[in-house]
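Participant: What Swiss-Prot lists as N-acetylproline is P3. According to Swiss-Prot, the N6,N6,N6-trimethyllysine annotation covers K14. Feature annotation from Swiss-Prot assigns substrate binding site to N123, T173, K177, R295, H327, S379; the stated evidence is sequence analysis. Feature annotation from Swiss-Prot assigns active site, proton acceptor to K175, H294; the stated evidence is sequence analysis. What Swiss-Prot records for K201 is N6-carboxylysine. According to Swiss-Prot, the feature Mg(2+) binding site maps to K201, D203, E204, an assignment based on sequence analysis. Annotation source Swiss-Prot lists site 'Transition state stabilizer' at K334, citing sequence analysis.
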Amino acid sequence: MSPQTETKAGVGFKAGVKEYKLTYYTPEYETKDTDILAAFRVTPQPGVPPEERGAAVAAESSTGTWTTVWTDGLTSLDRYKGRCYHIEPVPGEEDQFIAYVAYPLDLFEEGSVTNMFTSIVGNVFGFKALRALRLEDLRIPVAYVKTFQGPPHGIQVERDKLNKYGRPLLGCTIKPKLGLSAKNYGRAVYECLRGGLDFTKDDENVNSQPFMRWRDRFLFCAEAIYKSQAETGEIKGHYLNATAGTCEEMMKRAVFARELAVPIVMHDYLTGGFTANTSLSHYCRDNGLLLHIHRAMHAVIDRQKNHGMHFRVLAKALRMSGGDHIHAGTVVGKLEGERDITLGFVDLLRDDYIEKDRSRGIYFTQDWVSLPGVLPVASRGIHVWHMPALTEIFGDDSVLQFGGGTLGHPWGNAPGAVANRVALEACVKARNEGRDLAAEGGEIIREACKWSP
């Protein structure tokens, strides 16, 4: 047995500290179709060889610890250990490298994003031998994907439920996010839906505060949905935020939403947690509710370039845990992102099969097999003049989520919603006619304004 793959069972127990690379750095390893693969951006402490640090990440996120233990001899370390199988430099960064780690599938509980993250990122990020560590991407094998239900319904089923095809969906987050009474909140919902939006939305921190308890909000929003549907002849929805302090309370709110016969509820999946999110997703599938996901707290995890996790990892985790929509940032507006990178994880949310493409930040080919897709939500700081770019960049399978871009209209909420809908339909029509939205977008919208209701 080579020194890189030796186990304590094979050589006998010897107490003491041992270099990680002797056991966990295996450059000759050929990855298996059933392995979970991870790409870590590693910033080591000075003077530590990359092979040792990459092996340390593999060890501390799988079977290893800081010293040799005699109980290694009671199991097959070769079967269960993580392996650092490849190291590559990061262009333009002298003190960083990418460590590729393969984890055997037996290390993970079936259908549990919680367990997957607890194993891979739960402990190693505090490792003092590393200055910083970032999980850039994961390859989830088909064998593990098939243990997850995934989104409650997916893109096609949602379109069938709403009877809306051939264009992005339109939404608006009600503002001010905090302080409105339930009745005034419901009034704003009604005005936006009547004006032409498909959805309105609770802000992520609207739960059940003293100024507006959740049950009152649900009732007034349901009334707004019924009234706007009757007037427009279209199916409407409001993302009723079911996030709560306990899973039991969250489920109680989801049950009440179902009793009101509304089409969709919402969850803050990072602050609420993956276990709660998966439970809610299962309930939504069983009871015909769509599930909108907000990513509140994501920047705490993904903003730093050398530490934490990239959002593409959180997006993959959400597709496994379950959600029909998720906020995915945008490449215009006040939270502008890198276009190719953003579209890379948008494709990871929507498509069945995504090829490796490092220019878009995709480190591994990902096959989702039959797992339904998730609609990306473009939001934050967008307005009608962004519509040509949004239509061209995100395509039909997306939700364009306005806020001030609807409610800030000088004539009020309903005219703001009308402006959103007119601009969208004008851009979609022009695109379908073969016109260049990038060059003619402003003219297209100005022309549509002359004939708007």
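Every residue gets a Cβ built from N, Cα and C, even glycine.
Please situate the listed features within the shown structure.
Facilitator: Cβ neighbours within 10 Å of K177 (substrate binding site), excluding its own Cβ and spanning all shown chains: 14.
Non-local neighbourhood of K175 (active site, proton acceptor): D203, G403, G404, L407, each in the same chain, at least six residues away, with C-beta under 8 Å from its C-beta.
Around K201 (N6-carboxylysine), the same-chain residues six or more apart in sequence whose CB sits under 8 Å from its CB are G171, C172, T173, I174, H238, Y239, M266, H292, Q401, listed in sequence order.
DSSP assigns K201 (N6-carboxylysine) to a strand segment in the three-state reduction.
The number of other CB atoms found within 10 A of the CB of H294 (active site, proton acceptor), across every protein chain shown, is 28.
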Participant: Give the distance between the Cα atoms of S379 (substrate binding site) and E204 (Mg(2+) binding site), rounded to the nearest whole Å.
Facilitator: 13
Participant: H294 (active site, proton acceptor) to H327 (substrate binding site): how many Å between their Cα atoms?
Facilitator: 6
Participant: Any idea what the Cα distance is from N123 (substrate binding site) over to E204 (Mg(2+) binding site), rounded to a whole Å?
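Facilitator: Given the Cα positions, N123 (substrate binding site) is 28 Å from E204 (Mg(2+) binding site).
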Participant: Going by DSSP, is K175 (active site, proton acceptor) part of a helix, a strand, or coil?
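Facilitator: Reduced to three states, the DSSP call for K175 (active site, proton acceptor) is coil.
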Participant: Between R295 (substrate binding site) and E204 (Mg(2+) binding site), what C-alpha distance do you get in Å?
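Facilitator: Counting only the Cα atoms, the answer is 8 Å.
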Participant: Roughly how many Å separate the Cα of E204 (Mg(2+) binding site) from that of K177 (substrate binding site), to the nearest whole number?
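Facilitator: If we compare the Cα positions of E204 (Mg(2+) binding site) and K177 (substrate binding site), the gap is 8 Å.
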